[in-house]
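**Student:** For reference, TrEMBL lists these features for the protein:
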TRANSMEM  B:20-41  transmembrane segment
DOMAIN    B:22-243  domain 'ABC transmembrane type-2'
TRANSMEM  B:53-71  transmembrane segment
TRANSMEM  B:110-129  transmembrane segment
TRANSMEM  B:135-156  transmembrane segment
TRANSMEM  B:168-187  transmembrane segment
TRANSMEM  B:218-241  transmembrane segment
Amino acid sequence: MSAKAADLGEAASRPVYGMIDIDHLSKRYQDILALDEVTLEIHPGEIFGLLGPNGAGKTTLIKILTGLARPTRGHVRINGFDVVRQPLEVKKLIGVSPQEINLDKELTAYENLLIYGKLHQVPDLQARIEELLALAELTQRADHPVRDFSGGMQRRLLMVRAIMSRPRVLFLDEPTVGLDPQVRRSLWDLITQFKASGLTVLLTTHYIEEAEILCDRVGILNRGRLIALDTPEALKARTGGYTVESLRNGRRHYAFFQDREEAQRCALSEAQGVTIRRVNLEDVFLRLTGESLGGKAEA
Amino acid sequence: MNWYPIFLREILIFERRLLRLGYVVSALLMPLLYLLAFGLGLGRQVSIGAGTYLDYLLPGLIAMSSMINSYTWVANGLTMGRLYFHTFQVYVQAPVSPAAIVWGEVASGVVRGLFSSVILLVLGFLIGSRLSLNLMFFLALGVNCLLFAALGVVVGMRAKSHEDTANFSNFFIMPMAFFSGTFFPIAKMPWALRVMVRCLPLTHTNDLLRSPDWNGGALASLGILVAYSAVSLVLAVFLVARYSE
């Protein structure tokens, strides 16, 4: 009786975890607070986008989630496992496509996948490698050294390598940085396929379009703080419907309006370089911080 | 312990570089230069103990070359992989233990060290040197490679730049190569220096490669090498385990 009651009590008091649970997470590097009390829950099966300018803390957050960096304060759990105390359990669940292309350039595409597969003890490795080479459209180039590949090919290889061990959670840190629009779109298709297979994806980007097209929810990081968290639509709706962008004394100015007529009235009063457009996630960031994702601007 | 993938990667990269023209020459150039310059040049006019200078020099060069090759590849590979190519991060993000990472790296360092030793051995025999090769010789050689590969992991994990590994090499590895009885017997050194040199691991490797006997002195030397290796391995695993960016 008492044992049963204790069991029930434990089950009742155990918190219900999301796929990724970030709880008051801070990371300090000497004088810089890279992450400041970030709390966030990412649901199973969603594509979650972390948006923010360079240096906002996106990569630091991914490093902590994937065991590359230790938090200064706070806790992180992936599928209920603590990343600091149960690192091996966590690493069995995750796949990472980092910002830097960290493939072995001297080795072939096949060898890169082979080593990664053995590291993660992937069953039926040969079949899995062939499957992934096909998915990355690299079957013909399997035995070529990666250094001869284009940027897009290297990114595709990096991304399929990340899903090799059939992870539950996939981390994509700036997956399309520096690629031309066509290649970027082909990678978006790949990410959409990942989502269809039930993967939870955490993606960092500073491309607005990428976040709007791919993500179910978006978190905006600025100077280590999570300053907004919602669906892209809800974030935009809160900012307004339309943006009037104008040029005054060589500087860009932005004004946000709920309806189009109001925006047009405002636009007519501006002297030069005026555009009216629908609010995007960049505007959300601008409204919240007074800065654009790429640098200073005035709202 | 899943160390094999780490070893496999290092060996595949090693193999690629071996196929590159000039690699073998550049990796082995220094010991070869010493062998030719000292062994055939100076050595013709010098004799140490009963044998020729070449017989004295060859085990020393093998010890030195195995040390440099085991150490340099591991230390440079880790430093570059950690700081510039970010390939080390793939290991850290994989479900493998710190000990597996260290063991994979060290095993690849041992292979590289032994590879250079074998080339020197063959060359030495071709130019007429005689060595007594027995189990103790290869045991000492293997432990020497293990020790310096483990030290390579320690330096590779601590280095903040490529220069750091080179500095450690210039201030520790190279002086040790010269003072541990590689080129001349330490018996003729001043007393204080001799005590210092006795503490250096390479001195014991040199002793063992020159007279690979199973007596008390040799076993003590082997014990010292094993102790140094154990400390280096533990330190290496500790540094990998607390790796944080």
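Cβ coordinates come from backbone N, Cα and C, glycine included.
Note that the structure is a prediction, hence the values are computed from the model and not measured.
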**Student:** Counting CB pairs under 8 Å, which listed stretch among B:53-71, B:110-129, B:135-156, B:218-241 touches the transmembrane segment (B:168-187) the most?
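**Tutor:** It is B:53-71 that shares the most Cβ pairs under 8 Å with the transmembrane segment (B:168-187).
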**Student:** If contact means at least 3 Cβ pairs within less than 8 Å, sequence distance 6 or more, would you call the transmembrane segment (B:53-71) and the transmembrane segment (B:135-156) in contact?
**Tutor:** yes
**Student:** Which residues of the chain, 6 or more past the ends of the transmembrane segment (B:110-129), have a CB below 8 A from one of its CBs?
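**Tutor:** Result: 11, 14, 24, 27-28, 31-32, 35, 39-40, 52, 54-55, 58, 61-62, 65-70, 73, 141-142, 144-146, 148-149.
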